[in-house]
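Asks: Dropping the structure in here first, questions after.
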Amino acid sequence: MMAKLTRHPLLWGETPLMPLPRLAKKLGVASVWMKRDDLTGIAFGGNKVRKLEYLLGHALQEDCDLIITGGSPGSNHCRLTVAVANHIGLDTWLCFSGNKLGEVQGNLFLDQLLGAKVFLTGCYGSEALLTVMEEKAEEARKLGRKPYVIPVGGSTNVGDYGYFHAWHEYIAQLDQLETVPNFDEIYVTVGTGGTMAGLLAGQASTPNSSRIVGVSVWQDQKQATQDILHLTNDLLREIDKPISVTIEDIHVFDQYIGQKYGVPSAEGNRAIRMLAELEGLFVDPIYTGKALAGMIDQLSQTNSAHKHVLFWHTGGTPALFTHVSSLLEKGER
Ligand SMILES: *Cc1c(COP(=O)(O)O)cnc(C)c1O
């Protein structure tokens, strides 16, 4: 095992794998289950904690004392990075895209409670933000600090390895729990694609026939597929697995983005309500609600009565509070 890939444990344990019988009945499928990565144990949870177990493991190994990362002011990744860094006693600098913070709600509100140091960069996009983060790291070094830079979404080989690990956690759960079916499809939200890449890399190294389906909330299908292909094969190379995936192995939909990334969609909002009313569980308007809407639509398009499906929840629920007015709009009830 690469020394670089050292886990600093942050999760409380395995996240639950639970059935959603009322949703399954409503959708007319054999079963729907959920992998609860909204319950990763700290600061309202989410998928980024799994990436941060390895990213901060790496930062600690390198004796870093400052974490620099970034994203939009509503970023789940930023909120969880600050929380986790506080938890282990490291400082964090957040580099936000754009020129204004907007309403202090949801994740941005939590960042403030967590005491994050925040910079508004005036830039947009992952690459531009990474450049600013590298400049900040240079400034920090001049101040005698030892910074560790985490790109937007934490999607490096080190971060994505958290989802390789998650895949193996899931496989072990399937073996333990006798009532879990063999899933035909596993739906997961795609932002930068690192989460899906980690899962695909995990699946490539175990015999398993489920089809992993990504629902993009940001990029078009072509770009998301290319990114996931590269992230998956880079990770497999990093961990010395003599296997690779091809473009045919990567299934991504991009028709559930709505107007654009960061803006709630009507279908996503309906999916949020459906899950809340049927199962008492929450998904969010920016990521998981749109992915759930994608799953619901895909299942309705083909004969799915025999299907067993898993929705891999990736968190994001603080964003519900940033979008109260959109969620309460008439016509979406
Ligand atoms: C970041 C995020 C994702 C996307 O993860 P990627 O690894 O960037 O694809 C999905 N859901 C939620 C709630 C997130 O915060």
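Just so you know, glycine gets a Cβ as well, placed from its N, Cα and C.
A TrEMBL annotation is a machine prediction, not a hand-curated record.
TrEMBL lists 11-315 with the feature domain 'Tryptophan synthase beta chain-like PALP'. Marked as N6-(pyridoxal phosphate)lysine by TrEMBL: LYS48. Positions annotated as active site, nucleophile by TrEMBL: SER75.
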Asks: Residues with Cβ closer than 8 Å to the Cβ of SER75 (active site, nucleophile), same chain and 6+ apart in sequence?
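Replies: For SER75 (active site, nucleophile), the qualifying residues are PHE96, ASN107, VAL152.
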Asks: Check the domain 'Tryptophan synthase beta chain-like PALP' (11-315) for me and report the mean pLDDT.
Replies: 97
Asks: Which residues, sitting 6 or more apart from the residue listed as 'N6-(pyridoxal phosphate)lysine' on the same chain, put a CB under 8 Å from its CB?
Replies: ASN76, HIS77, LEU80, THR81, GLY153, GLY154, GLY315
